[in-house]
């Protein structure tokens, strides 16, 4: 019987190890997907912002918002690609980034999903192709200049949101299955109790040392040391 129980426990342990390996691989692949999507969007929007700056025109707020989201998502994906056991605490941030990417995609797509709209001709395509050097807005046949980059930005913004959504779902699953909240809270309370006890003992020791020093100082004041100056012998008459 003990051998069968041991074999059963070993089999369960191996199964958990396989599941853990699968979760780590899936998490890493999702993080890499998020990183790639964020870097692509960041690169395209940074290029467009540079061209807007050359033309000395203000950048629209939706472009700035998408650029900020891409920067944050890039830093987040790099941080949580590291081999640390932090998936159990990262899934709330995945949900926040999912919402942020959806908002960015909606703001960008609300202006133009096609490369034939007035906004595209008078803003994205016009400044992407540097048509301001040829003529003012609305007088230059922009055509489909920069259309592929615009569609790429929309596509990878949406893909980034879906990748963060999958990471959020996977994080909830791992948190519910592997993270024991009660044990974690109890462990945190024990650590806090140890810190309080250590602080109290240190405070008491400092107080005792101070009292001892005070008593020694008082004793030294009451009994001053005898003078060590040698006395001259009395002269005989």
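Every residue gets a Cβ built from N, Cα and C, even glycine.
Caution: TrEMBL annotation is automatic and unverified by curators.
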Annotated range (TrEMBL: transmembrane segment) out of 3-22, 63-82: 63-82
Annotated stretch (transmembrane segment, per TrEMBL) among the listed ranges 35-57, 127-149: 35-57
Within the predicted model, mean pLDDT of the domain 'MARVEL' (27-170): 88
Folded-back contacts onto the transmembrane segment (89-109), same chain, C-beta under 8 angstroms, at least six residues removed: 34, 62-63, 65-66, 69-70, 72-73, 76, 80, 153-154, 157-158, 160-161, 164-165, 167-168, 170-172, 175
Long-range environment of the transmembrane segment (154-175) - Cβ separation under 8 angstroms, sequence gap at least 6: 23, 26-27, 30-31, 33-34, 36-38, 40-41, 66, 73, 87-88, 90-91, 94-95, 97-98, 101-102, 104-105, 108-109, 113
